[in-house]
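Annotation comment: TrEMBL describes A:4-124 as domain 'Gfo/Idh/MocA-like oxidoreductase N-terminal'. What TrEMBL records for A:134-259 is domain 'GFO/IDH/MocA-like oxidoreductase'.
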There are 2 protein chains.
Amino acid sequence: MDFVRIGVIGLGNMGTSHASYIHKGDITGARIGALLEERPARVAELKQHYGDTVPIFENEDAFFQSGLIDAVLIATPHYSHPRLAKKAFAAGLHVLCEKPAGVFTSEVREMNEAAAESGLVFSLMYNQRTKPIYQKLRELIQADKLGKIRRMNWIITDWYRSQSYYDSSSWRATWAGEGGGVLINQCPHQLDLWGWLIGKEPARIRSFCSFGKYRDIEVEDEVTAYLEYDDGATGVFITTTGEAPGTNRLEVTGTKGKVVIEHEELSYWQLETSEPEFNQTYTGGFGAPKHTQIDVSIDQDGNDHKGITQNFVDAILHGAPLIAPGQEGIYGLTLSNAMQLSTWTDSWVHLPIDEQAYEQQLKKRIHASTGKKIAAETTLDVSDSH
Amino acid sequence: MDFVRIGVIGLGNMGTSHASYIHKGDITGARIGALLEERPARVAELKQHYGDTVPIFENEDAFFQSGLIDAVLIATPHYSHPRLAKKAFAAGLHVLCEKPAGVFTSEVREMNEAAAESGLVFSLMYNQRTKPIYQKLRELIQADKLGKIRRMNWIITDWYRSQSYYDSSSWRATWAGEGGGVLINQCPHQLDLWGWLIGKEPARIRSFCSFGKYRDIEVEDEVTAYLEYDDGATGVFITTTGEAPGTNRLEVTGTKGKVVIEHEELSYWQLETSEPEFNQTYTGGFGAPKHTQIDVSIDQDGNDHKGITQNFVDAILHGAPLIAPGQEGIYGLTLSNAMQLSTWTDSWVHLPIDEQAYEQQLKKRIHASTGKKIAAETTLDVSDSH
């Protein structure tokens, strides 16, 4: 194979952006093979934009059986991700899927199994994994520079979304359409990075979500979650779409030091003696282990979305290791599901999550939903989105 | 009255420090009238240090009836604060009490009532209220510069204490001796500032304390607490004595802007349009209210402990308004009690706190305690303490 023919599924905000840079030739070894879009009005716009240069399908089966594509990039609403991915694997197509992997973990597990059986390349659009600042933090942790991780706090409240954003699409911010709000739509990146950075998953979660607190929506728009690990580590995750100016501050502390990422800068403090060792030997009462602030060089900004798409194509063509293997999508989704479930049950959620309990609670909300009336569907420019 | 004769009760770490600067004449209008110390070894040291310049009492009643003092400064272990304060009021003496006001709220309420009846001056050593950086934040909030407060997060993990600190005294970090750990001993300042800054008290608290996690102690040395207010505001409070290098970062966000205090600097972002107003009128989908970072000038550092003592003396001599009225001590203590109780009951604590439930739980732990054996009592130098 000299190049990968990618079929983009779903030409909403993100799909349009992906199709555009691939079509422009920004991804080495990739071309647009076809597009799949079911909304007639959007199809008309696409035909006007692409003319005869790209085949546009309105029928899913015809698209999958066209023989025009080697891989799909799925950018449809969340619920459909696992179903479409499984259909692609069955058709022998590699899959790059937008985040989140799905809405609940049981079907994501099935998708992962289908991917494993197929032997095809499966990746998720966790583009923030390509950011050098997070790669550097992961490197420090993996090199044991922070020692045993004890605490992780992420205040990620710069996902500001106005009511007009929510009103741009009828499926957005509904239980039936998205299965959640800020957790499932904006935070999949942070929830993915959370486990990817420290390499462990929590034992239990206690979370406090507010639903439609700042916006006229039925899903959560504010979350504070507390996480506990079997090894004693703790975490706090705070997010909202209702706050301006927001904060994006990640703090990770371990027995050997501390890292803070804020304002796109990484600060690293290294202890001269590890905290437990200092504590064992110090006799002075007041006093703490000495530390040094270490300068850490960070590369230029990563390739973001294009970086993940390029890596996906390189994996198909040259066997490059994936930055964001599809199978890892279940970890962040588990955190998201658990944070909602803990609020709904007003109690701890122990991991692995009780998938049946989660689905029951979600379905209850889908059934109770009154739906959402909007003036008109709008395709938003996501060039500044993450 | 030309000057106030202060009797210092309890010449441990803090009491020694207070007696020292008053004796040196650092407080205008104040002198040391007498000292009260019951530990013979410490009395011997004091006699050697002060010689005949200051009367030293070993008997509490003799001290209170000596006629040598107009006011007391109480710096004994926490449990005794309300009892000694009430005794002082009964003897017609003004009271300046070290933090915390007491260990549980019911006796602090009784102390407050006694203070009110006496008409005497009653203040608490909340010296961090004198810090210009917190005074400035309070000023901004009171001038409505942040609008309605929506979220407050305090990561205050720079209270590092080694095992040798805990081993310096037999009452330290025991249920019977202190009634708690980092909440009752290190954090009273932050728990006081919390409500003093934003001027409201939470409706309910869900908290997660760890007891003896990093140190060989029976009380809490790590806390993550989540607070909810009737008006929808939320808060997170994170503290530990086991972490180095620690963090002291306070973030307060409102409908009109945000303030962050970290590294002894205050950063203030002001929105051009308030968030709710922007949200109501904006139609562009993605997009957020514009903000400006405003330079805020902060005065030189405040007078700290001496500032509170001077203010107390000025209140007695000249009717100066108190910076830290004693009656306000119950607010921070309520937060502290509620954070422990929520952990013990593994559930929400609604305010006002169920005082009986708290006392029952605390007494259970006092009775179950195995006590603490230490090599020798040590007086620590607290010149760097807060």
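Glycine too: its Cβ is placed from the backbone N, Cα and C atoms.
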Which whole-number mean pLDDT does the model give the domain 'Gfo/Idh/MocA-like oxidoreductase N-terminal' (A:4-124)?
97
Taking helix as H, G and I and strand as E and B in DSSP, count the residues of the domain 'GFO/IDH/MocA-like oxidoreductase' (A:134-259) in helix, strand and coil.
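So the counts come to 29 helix, 42 strand, 55 coil.
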Let's see if you can do this one: DSSP helix, strand and coil counts over the domain 'Gfo/Idh/MocA-like oxidoreductase N-terminal' (A:4-124), in that order.
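Each residue of the domain 'Gfo/Idh/MocA-like oxidoreductase N-terminal' (A:4-124) counted once, the result is 54 helix, 26 strand, 41 coil.
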